[in-house]
Amino acid sequence: MFLINLPCVFLALKIANVNWQSKLNKAAHHTSDYSSTEVILRRGQAFKITVNLQTIVQSGDNFTFIASTGNFPMAHISHPSHSSSKTSALHEPGCMNFTIFSPADAVIGRYKLKLQTVSGNKVSSTLLGQFVLLFNPWCPNDDVYMANEKERWEYVLNDSGIIFQGLEKHIQQEAWNYGQFEEGILDISLAILDRSLNHRQDPAVDTSNRNNPTYVSRVISATVNSNDEKGVVEGKWNGKYCSGTNPLQWSGSVTILRKWYRGRYKPVRYGQCWVFAGVMCTVLRSLGIPTRVITNFNSAHDTNINLSIDEYIDISGKTLHLTEDSVWNFHVWNESWFIRRDLGSFYDGWQVLDATPQERSKGIYQCGPASTRAIKEGHVNLDYDSSFVFAAVNADYVTWIHYSKKRKERIYSDTRKIGKFISTKAVGSNARVDVTANYKYPEGSLKERRVYKKALKLLGMRSTGKRTKITRCRRRSSVAWTQPAQKPSISGKLILDASPVIGQDILLTLSLRNLISDFKTIKVKLSASLVLRDRKKKRRNSVSLSIPVKEISFKISYSQYKNSLMDDRKILVTALCETKQGASLLVEKDIVLQDPLLTIKVLGPTVVHKAVNVQVTFTNPLSEVVTDCVLQAEGSGLLKEQLRIKYVNAIWLIIHSLWWKIWNKSGFFKKILKTKQSLKGKRESDNIFFPLDIKLLKSQDIYCNEMF
């Protein structure tokens, strides 16, 4: 609540109407893009209203503006000690024009604005209306202030983006429709705050804390997932998705958020890390917190927070699940920009937030905000969950051969495997920006190792800590750590002979190099496994390595993987190489099968509020007929709802995008039309055309630029 006291000579006894100067205020507060008739403002910035009167103002009377939010309107939810609200008024016959200033640390949310008048002993109060108050990255006194205008446009106003996925050596772009300005999304974002455990336990305290982006972002990280409450998205990482939507089929946040809201807060099935991150980015941007999506390749999930990830394999190279530690090919989270009053100015800037439910923090599934500065410096004892994020980007990776319950061999300790090519979308373009240097010093440097050792020391010295781990059986033997890994006398790598395309044979070469000048015979065990399935194809070879380099060529045929390929199209190939001298070498390669290209063409000119035909073309590279195909499209400002077109006999349609350029007074904006699909079957060299009738909804002139 903020009060504006005006000891003046005006008294509005009766009010005819209130003009909220909507167009003027929205432009000044950068809220014109919200698809809402409601007044949407940003804190710490003046807004104007005009009060039209039915009666004459009397001399000697006072009035006060009262702005209140939450279920307890008389609670003080701003901080008078270092903030203030004020107003100025201009008097014209029949009306009064006011300029009202809200505090830069005001609580965000939906407010009621009342005018209280005092005339002698009489007090009256009139409701002027409602408005929504958001964080303000344009205000230097706001905790979320971001000085760079291009960055503000990217991280607050851009309603579409790119999420990077795939493998460290095969990074793929996936378009995502954030849609934070779409109809109803701001209301849903505020509803997410009201559905949180914090709000249900103590609404007054929760509301009073909504002036703090640290608090708000942490609450959102807990409520986007459904593990502890009726959050937005339910996660699922294996099995069938018959009772919901395959996570790969989502292409934006709007459909998910609306489904949750319209379904009376029933969690939407299903999501994985990029879905949680995409939805969280939408919610935080809609509330005014600058936010971006981050992808960490070879991301560690360290369940016991010892900064080490152990992989156990058997003598054939098959992965054994003897620990709950794991490494994801990629993991996606968010970064939000704000200052950390709880930690000190050194830790201001980008803060890591992760809505994917992995481990409990203070009893519930939430993660962050963790300062990237704290992570880089190894300050793992600081709030919130810094140790967990530090392990995700900088844990050591130790490989063991498990011969029996009593015998295992530590064959390799890799200090560089975890946390590769940490990526985000560039400001103003779809290029990939590597932000690894924000998280850690260069791998292999003395500084990086010192930080790692400091983190280990802090984890050993601190007491209970901030993260409550789920109780799990720890199977690591303390004796095993004393067994040093033998230095391998050979090195090797797996090389793809050609880009792997779905439906084609996969051709690979194992290249082995002798690191010393002796003759040796090597037993090679090759295996290929479909990721998330315990199905392996094995092959064994013995080679004599009397020359510096030896190469073994082999293939995985389409017939071997076509019936069991997972939706994410990943195959893990391993080669376990053993010498007679006992030294072992494990060579691994993750393969993601590429999707055939989908092309989109706009047919004819594009005119605002008129439909335009869009043609989607695809050439099937396979020799089988597909059925039950669906073309899925969405785009902020282009389609009110997600578009789905069923096509009975067609080809496999995979994620691709058409980019629109939209021109208005403030510059060029990009909008995404996105397509997705599902398929069964194929037919060789089959061209299919899908005409789409798209209605352009924005009130700007639109020009097209096709990017395939």
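Each residue, glycine too, has its Cβ placed from N, Cα and C.
TrEMBL labels come from automatic prediction, so no person has curated them.
Remember, it's a predicted structure, so these values are computed and weren't measured experimentally.
Quick look at what TrEMBL lists:
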type	residues	note
SIGNAL	1-20	signal peptide
DOMAIN	265-357	domain 'Transglutaminase-like'
ACT_SITE	Cys273	active site
ACT_SITE	His331	active site
ACT_SITE	Asp354	active site
BINDING	Asn394, Asp396, Glu443, Glu448	Ca(2+) binding site
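In terms of C-alpha distance, the listed active-site residues Cys273, His331, Asp354 place His331 closest to Glu443 (Ca(2+) binding site). Ranked by Cα separation from Asn394 (Ca(2+) binding site), the active-site residues Cys273, His331, Asp354 are led by His331. Ranking the recorded positions Cys273, Glu443 by how many other Cβ atoms lie within 10 angstroms of each Cβ puts Glu443 at the bottom. If you take the C-beta of Asp354 (active site) and look for same-chain residues 6 or more apart in sequence within under 8 angstroms, you find Ser221, Phe276, Ala277, Trp333, Asn334, Cys367, Gly368, Asp385, Val389. For the domain 'Transglutaminase-like' (265-357), the number of residues in each DSSP class (helix H, G, I; strand E, B; coil) is 17 helix, 41 strand, 35 coil.
Compute the center of the Cβ atoms of Asn394, Asp396, Glu443, Glu448, which mark the site for Ca(2+); besides them, the chain residues with Cβ within 8 Å of that center are Ala395, Thr415, Arg416, Ile418, Gly419, Lys440, Gly444, Arg449, Tyr452.
Sequence-distant contacts (6 or more apart, same chain, Cβ under 8 Å) of His331 (active site) comprise Cys273, Thr295, Asn296, Ser299, His301, Thr356, Ala392.
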